[in-house]
Amino acid sequence: MLIPSKLSRPVRLDHTVVRERLLAKLSGANNFRLALVTSPAGYGKTTLVSQWAAGKNELGWFSLDEGDNQQERFASYLIAALQQATGGHCSTSEVMVQKRQYVSLTSLFAQLFIELAEWHRPLYLVIDDYHLITNPVIHDAMRFFLRHQPENLTLVVLSRNLPQLGIANLRVRDQLLEIGSQQLAFNHQEAKQFFDRRLSSPIEAAESSRMCDDVAGWATALQLIALSARQNNNSAHQSARRLAGINASHLSDYLVDEVLDNVDVSTRHFLLKSAILRSMNDALIVRVTGEENGQMRLEEIERQGLFLQRMDDTGEWFSYHPLFGSFLRQRCQWELATELPDIHRAAAESWMAQGFPSEAIHHALAAGDAHMLRDILLNHAWGLFNHSELALLEESLKALPWESLLENPRLVLLQAWLMQSQHRYSEVNTLLARAEQEIQGMMDGTLHAEFNALRAQVAINDGNPDEAERLAKLALDELPIAWFYSRIVATSVHGEVLHCKGDLSRSLSLMQQTEQMSRHHDVWHYALWSLLQQSEILFAQGFLQAAWETQEKAFQLIKEQHLEQLPMHEFLMRIRAQLLWAWARLDEAEASARSGIDVLSAFQPQQQLQCLALLVQCSLARGDLDNARTQLNRLENLLGNGQYHSDWISNADKVRVIYWQMTGDKKSAANWLRHTPKPEFANNHFLQGQWRNIARAQILLGEFESAEIVLEELNENARSLRLMSDLNRNLLLLNQLYWQAGRKNDAQRVLLDALQLANRTGFISHFVIEGEAMAQQLRQLIQLNTLPELEQHRAQRILREINQHHRHKFAHFDEGFVERLLNHPDVPELIRTSPLTQREWQVLGLIYSGYSNEQIAGELAVAATTIKTHIRNLYQKLGVAHRQDAVQHAQRLLKMMGYGV
């Protein structure tokens with residue numbers, strides 16, 4: 001819960017002086033990105049800005065305290081303030097902060113600005129007491145905020161010092177409105193108005209001016225003069241002389257003498273006790289001070305001018321002026337030292353009663369009461385964990401003695417989950433093992449099962465599937481149905497293990513169970529994870545359309561639950577890109593991979609490896625080797641500067657080996673093959689992929705026997721485990737092996753199998769990537785006219801893709817190529833004596849690429865009759881009678897020129 005008073009603009013009091021000259025300056029704030037009001041304590045920053053804010057409906061106010069250095073807390077209040085200002089316009093951002101579903105403050109602000117782009121009226125956000133922020137991450141995020149905020153949004157910052165917000169840059173660009181302590185200091189006219197409203201007897205203007213000069217226009221000093229004069233019947237000028245030259249750091253003695261020593265004992269104790277509260281209401285005051293009517297007492301203190309200010313229009317919430325509150329808290333530590341722990345306990349109990357466990361923890365820590373802290377955590381820790389109050393939880397658990405954790409082992413479990421969330425896997429197991437060893441008496445079976453569920457998650461994250469499976473099964477055997485979170489974890493881990501072991505049907509079933517349980521209990525990150533796993537399994541089984549539909553469910557879940565900034569969103573964009581690539585929708589695949597990289601913009605560059613590999617893959621499918629090389633340079637740099645899971649390395653190696661194949665780089669392939677470890681098994685699609693990389697490198701190096709042994713074993717495993725997509729890929733690679741080894745019949749046999757299987761998988765680009773060798777075989781199959789209708793259609797589609805993306809390498813007879821050909825010593829005499837025109841060379845290239853007459857006419861934008869004339873002429877010049885003869889003639893010319901066709 002958010003404390004309402006922190007989001008309420010201070011109430012304007014009747015007796016305050018209206019600072020017309022400063023309000024006039026602030027009236028132009030909407031023309032600036034930042035309005036900055038800075039001065040030491042007590043110069044009236046908050047009062048001035050609250051006067052300016054009066055009547056502005058589209059304004060959010062956020063009053064900071066020390067606890068707002070926690071990023072999650074800062075974000076929650078900032079978004080809530082803007083929600084108040086816009087009447088709930090930023091609903092997506094609000095859900096994201098409530099569920100902590102954002103990667104960083106900057107990514108959250110980026111989402112916020114997307115929503116605010118549709119808000120066209122002037123908008124203001126006031127952040128008070130910014131000097132309390134010491135977290136550099138928040139400073140960085142607010143600099144990002146200022147750089148990218150919409151033009152119609154003005155940020156108003158109140159601070160005792162110059163904040164680290166890139167002020168100089170804003171000043172140079174004339175995007176900064178500044179008001180400092182010299183401008184905030186009262187002038188003679190304002191001082192006269194102030195005393196006239198505060199003192200029962202008016203004073204002369206000259207005396208008022210002298211007092212203003214004595215204290216250099218410091219508003220707090222003027223207030224103290226008026227307070228002292230009322231309390232002691234002293235002359236105001238006498239108080240002014242004493243305050244002359246004083247500053248905030250030396251104010252304590254004065255406040256003791258002139259304020260605390262001049263109130264009755266009851267009021268003094270009230271001030272000291274209530275000062276421990278950062279904000280207060282009736283219930284808190286009654287519990288902390290023992291007063292019977294807290295609201296009445298607060299209003300009385302306010303009337304006495306004792307630096308108490310209302311924080312909302314209802315008058316329910318109050319706080320002390322920061323300068324006076326700090327002074328009172330210091331005096332409380334000195335004067336009420338023995339009572340202070342009890343006062344903090346009372347505050348904690350009252351905050352708990354009002355439903356604010358975070359504030360209660362703050363006071364329990366201050367009280368040093370481990371028992372109270374333990375009780376609060378036992379009742380509220382998991383709620384705080386689910387809302388990502390991780391820093392507060394970590395501080396709280398560290399404050400508890402180890403013996404207390406052992407007596408309440410669920411707190412040990414919480415501490416272990418905290419470590420797991422921070423990827424401190426080895427520490428998790430150490431902590432749980434120590435706890436199990438030292439817990440007195442028999443350990444509860446359910447708790448032991450919860451320990452095992454967490455251990456299972458750690459084991460699978462750490463790449464130990466056998467141990468993960470053992471622990472997940474133990475957990476599921478012992479966990480009651482009501483312990484839903486741990487059951488979700490254990491079921492998910494078991495399903496993931498089966499996925500790794502190639503037991504796809506059982507894995508799919510468990511992941512569907514995980515999804516159902518997670519949706520039922522609103523555990524959205526596990527619901528999303530289960531959908532991603534289901535999609536990968538369906539893809540591996542060859543059911544790409546079903547995988548697509550599962551991905552659609554995942555996209556919908558992300559949208560509904562605002563999960564866009566979770567790293568799993570990148571996973572979804574990546575597997576969508578893989579699917580689009582398989583279907584030769586290359587532009588969409590590339591866009592999806594780039595979107596995945598955008599999701600990871602706040603993470604280390606190494607996290608982008610998989611999406612970067614997909615960008616290389618798109619370039620390779622297009623035959624764009626220059627672009628592929630540029631992207632490969634980035635990919636290989638990342639590979640050399642990080643530690644990666646084996647399947648990440650396999651995907652990166654795949655595009656490297658294909659690139660070497662397409663460029664004939666046998667040296668790189670041989671070097672890679674020497675240093676690449678060979679997996680022990682091939683029982684899932686990750687391991688199949690790496691073995692396929694090895695076989696492709698072996699084929700490139702002419703090691704056909706070794707490659708055939710690998711591929712035959714891969715096919716055997718793929719058939720037994722129903723890894724149909726892998727089988728489709730393996731058949732295509734086996735086809736290339738047979739083709740290059742001169743085993744044309746075997747090559748045709750496995751190509752026919754691959755085409756038939758592609759009716760299920762929908763594969764296109766996996767064929768295209770094999771280039772001209774694949775094109776030649778498909779041309780022959782099409783010309784034989786023996787393919788079934790579906791396979792015939794797919795073969796034609798694949799051939800069109802190869803022609804589109806790879807023709808420039810193999811069959812595009814451009815002017816440069818023709819010139820080199822005619823100068824070649826072995827060029828046929830017929831071509832030398834009766835050369836083709838440039839257009840006829842183009843037509844020959846398109847015939848060789850498998851184009852029909854109509855397609856050639858469309859490609860060259862001429863009439864079909866014109867194409868027939870060109871074909872008749874080139875047949876005559878080449879001395880051929882049929883289309884197949886022309887294809888063979890073009891092939892001989894390409895071979896003569898050194899093309900490996």
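Residue positions begin at 1 at the first shown residue.
Positions of Cβ are set from backbone N, Cα and C atoms, glycine also.
Sequence annotations record features per position, and here Swiss-Prot assigns DNA-binding region to 853-872 based on sequence analysis. Within its own chain, the DNA-binding region (853-872) has Cβ neighbours under 8 Å at 839-840, 842-843, 846-847, counting only residues six or more beyond its boundaries.
Summarising the annotation, Swiss-Prot assigns ATP binding site to Ser39, Pro40, Ala41, Gly42, Tyr43, Gly44, Lys45, Thr46. Cβ contacts within 10 Å of Tyr43 (ATP binding site), excluding its own Cβ and spanning all protein chains shown: 27.
Taken from Swiss-Prot, the feature domain 'HTH luxR-type' covers 829-894, and the record attributes it to sequence analysis. Across the domain 'HTH luxR-type' (829-894), DSSP classifies residues as 51 helix, 0 strand, 15 coil.
A Cβ within 8 Å of the Cβ centre of Ser39, Pro40, Ala41, Gly42, Tyr43, Gly44, Lys45, Thr46, the residues given for ATP, is found for these other residues of the same chain: Arg160, Ser181, Leu184, Ala219, Thr220, Leu323.
Under the DSSP three-state reduction, Tyr43 (ATP binding site) is assigned to coil, being neither helix nor strand. There are 24 other Cβ atoms within 10 Å of the Cβ belonging to Gly42 (ATP binding site).
Counting every protein chain shown, the Cβ of Ala41 (ATP binding site) has 21 other Cβ atoms within 10 Å. For the binding-site residues Pro40, Gly44, the largest tally of other C-beta atoms within 10 A is found at Gly44.
Taken together, the residues of the domain 'HTH luxR-type' (829-894) have an average pLDDT of 86. Sequence-distant contacts of Lys45 (ATP binding site), defined by Cβ-Cβ distance under 8 angstroms and a gap of at least six in the same chain, are Val37, Thr38, Ser39, Asp128, Leu158, Leu184.
Within 10 Å of the C-beta atom of Ser39 (ATP binding site) sit 22 other C-beta atoms, taking all shown protein chains into account.
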